[in-house]
Amino acid sequence: MSANPGNSLKALSPTPPERGSFPLDHDGDCTKQMQEYLSCIKLVKGENAPNCRLLAKEYLKCRMDNKLMDRDDWKHLGLPSDKKEANDVTKETTPTSGQ
C-alpha cells in the first residue's frame, strides 16, 4: 500500500503565495515602526483608524527599503501615496477647535 495517491513517487513541492509572504525581520530593522503600529491598533481596539494606516505605511515603507518585501504602489496597498493624501487622512481624525 502506498501513501501517495496513484503510486506516484514524485515529491510534492509547495509554491509560495503571490502576495502575503512576509520574511522575518531577523535584524530588527523595522521593529520600532512595527511596535508603533501595533500600539496604535491596540489603542483604537482594532479599528481601521486613519492614523494607524499612516503608521502601517511607515512600517511597510521600512520593510520595502530593507528588502523585506517587494515594492508596490501605495494605492495597491490601500494607503495614501503622497503628503497631500496623508494630510487629508489626518484631518479626518483631528478634532477641530471651537466645536
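Cβ atoms here come from the backbone N, Cα and C positions, even for glycine.
These figures come from a predicted structure and were not determined experimentally.
Look at Swiss-Prot and you will find 1-28 (among others) tagged as region 'Disordered'.
The domain 'CHCH' annotation in Swiss-Prot covers 27-70. Counting residues of the domain 'CHCH' (27-70) by DSSP class, helix then strand then coil, yields 29 helix, 0 strand, 15 coil.
Residue environment of Cys62 (disulfide bond) contains 18 other Cβ atoms, counted within 10 Å of its Cβ in all protein chains. Feature annotation from Swiss-Prot assigns disulfide bond to Cys30-Cys62 (among others).
In the predicted model, the motif 'Cx9C motif 1' (30-40) has a mean pLDDT of 96. Taken from Swiss-Prot, the feature motif 'Cx9C motif 1' applies to 30-40.
Remark: Cys52 (disulfide bond) has Tyr37, Cys40, Ile41, Val44 as non-local neighbours, by Cβ distance under 8 Å and separation of at least 6 in sequence. Annotated disulfide bond per Swiss-Prot: Cys40-Cys52 (among others), in sequence order, evidence recorded as sequence analysis.
What Swiss-Prot records for 52-62 is motif 'Cx9C motif 2', and it gives sequence analysis as the kind of evidence. Panel annotation: around the motif 'Cx9C motif 2' (52-62), residues 29-30, 33-34, 36-37, 40-41, 44, 68-69, 74, 77-80, 86, 89-90 of the same chain, lying at least six beyond its termini, place a Cβ under 8 Å from a Cβ of the stretch.
The annotation compositional bias 'Basic and acidic residues' is assigned in Swiss-Prot to 73-91.
For 73-99 (among others), the entry in Swiss-Prot reads region 'Disordered'.
Of the listed disulfide-bonded residues, namely Cys30, Cys40, the sparsest Cβ surroundings within 10 Å are found at Cys40.
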